[in-house]
Amino acid sequence: MIEVLLVTICLAVFPYQGSSIILESGNVNDYEVVYPRKVTALPKGAVQPKYEDAMQYELKVNGEPVVLHLEKNKELFSKDYSETHYSPDGRKITTNPSVEDHCYYRGRIENDADSTASISACNGLKGHFKLQGEMYLIEPLELSDSEAHAVFKLENVEKEDEAPKMCGVTQNWESYEPIKKASDLNLNPDQQNLPQRYIELVVVADHRVFMKYNSDLNTIRTRVHEIVNFINGFYRSLNIHVSLTDLEIWSNEDQINIQSASSDTLNAFAEWRETDLLNRKSHDNAQLLTAIELDEETLGLAPLGTMCDPKLSIGIVQDHSPINLLMGVTMAHELGHNLGMEHDGKDCLRGASLCIMRPGLTKGRSYEFSDDSMHYYERFLKQYKPQCILNKPLRIDPVSTPVSGNELLEAGEE
């Protein structure tokens, strides 16, 4: 019999009711401080990997014990994941970093069938979990005790302003015919078994994003990875796997004219994607992350029903919040438009959750796609039968490669 070493949980909880603290996610009014310790079952003497395939933690939330089960999100990166940035003289620098032993997880709460979790374990635990219908955020505290974490509700992060935050959607692309009404396609409103589909996503961060994060490529990389991990979690309810296949950072200058006029920027991004990006990187959809303030309180813009179109399978998203969860909701929303989803009503709820396809973004207990969004997506599949999302982006063991100029090099090249 294999001897098993059990690392037990020891944690203390110190609620700071009514206190305020400045965290990476913003100024938080009400939070708990916890010291989570991992439960690990390994054969005696076994070498523990840096990031295990499965992990388990215990927390106390509102005084009640919570067991958090986490599983590495092996769908997060495609087999040919790459990263591109630019040298000061404009040369493309492209690498294929090894991401097999990454630190991004999805999971659930024990004894809560409706629970979900999307967590980064890169430096402590950071992300969110849904418990009894309520969304909680967790992130490390910068204290002398490195094990301290804050747990808080999204609603307890102070609002930066009260202005309405809206999404734009364009339906007047001449190259794409309008989507038929659901009633024309004889959809079954009770049908929940959607087919498995796969989206290989490219995220492009513009030069303002690069400057906003102090020209730190690693900070931008981590932020985008966490956002896509959240998006991947949202789309599991639709049986869609979203994998990041490329991250491009415009580190020297923007490759297109970025304007506050969101429609003009979207048009320019569409042209660049078709004439440049698609010629060097196979993918299904590209989203532009920009730090410019878009016009008319717009947080994002995307054409409707254009997934797999060589020009229009795109969206733009303003980097509007330090809360990665809200950024994930915004980008998932724009991606939803590409998949044929129209806006829900402004007060749409699915149970206690806010609908992801609401026209405006507000903080809520949790976020989900509505039944209407599922039906819009299903009718898009029936009408257009998009082919690019049929292939499964299987993971392989990539090898980190040195770089010279704008070319990918073989491992070990000098």
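Including glycine, each Cβ sits where the backbone N, Cα and C put it.
The active site feature in Swiss-Prot is assigned to Glu334. Among the features that Swiss-Prot reports, Ca(2+) binding site is placed at Glu200, Asp284, Cys388, Asn391. According to Swiss-Prot, the feature Zn(2+) binding site maps to His333, His337, His343. Feature annotation from Swiss-Prot assigns disulfide bond to Cys308-Cys388, Cys348-Cys355. Among the features that Swiss-Prot reports, domain 'Peptidase M12B' is placed at 197-393, with the record citing sequence analysis. Feature annotation from Swiss-Prot assigns pyrrolidone carboxylic acid to Gln191. As annotated by Swiss-Prot, signal peptide applies to 1-20.
A count of other CB atoms within 10 A of each Cβ picks out Cys355 as the most crowded of the recorded positions Cys308, Cys348, Cys355, Cys388. Excluding Glu200, Asp284, Cys388, Asn391 themselves, the residues of that chain whose CB lies within 8 A of the CB mean position for the Ca(2+) site are, in sequence, Tyr198, Ile199, Ser282, His283, Cys308, Ile389, Leu390, Pro393.
Taking the Cα of Cys355 (disulfide bond) as the reference point, the closest of the recorded positions Asp284, His333, Glu334 is His333. On the 0 to 100 pLDDT scale, the model's mean across the domain 'Peptidase M12B' (197-393) is 96. Using a 10 Å radius centred on the Cβ of Glu334 (active site) and all shown protein chains, the other Cβ atoms total 24.
Ranking the recorded positions Glu200, Glu334, Cys388 by the distance of their Cα atoms from the Cα of Cys308 (disulfide bond) places Cys388 first.
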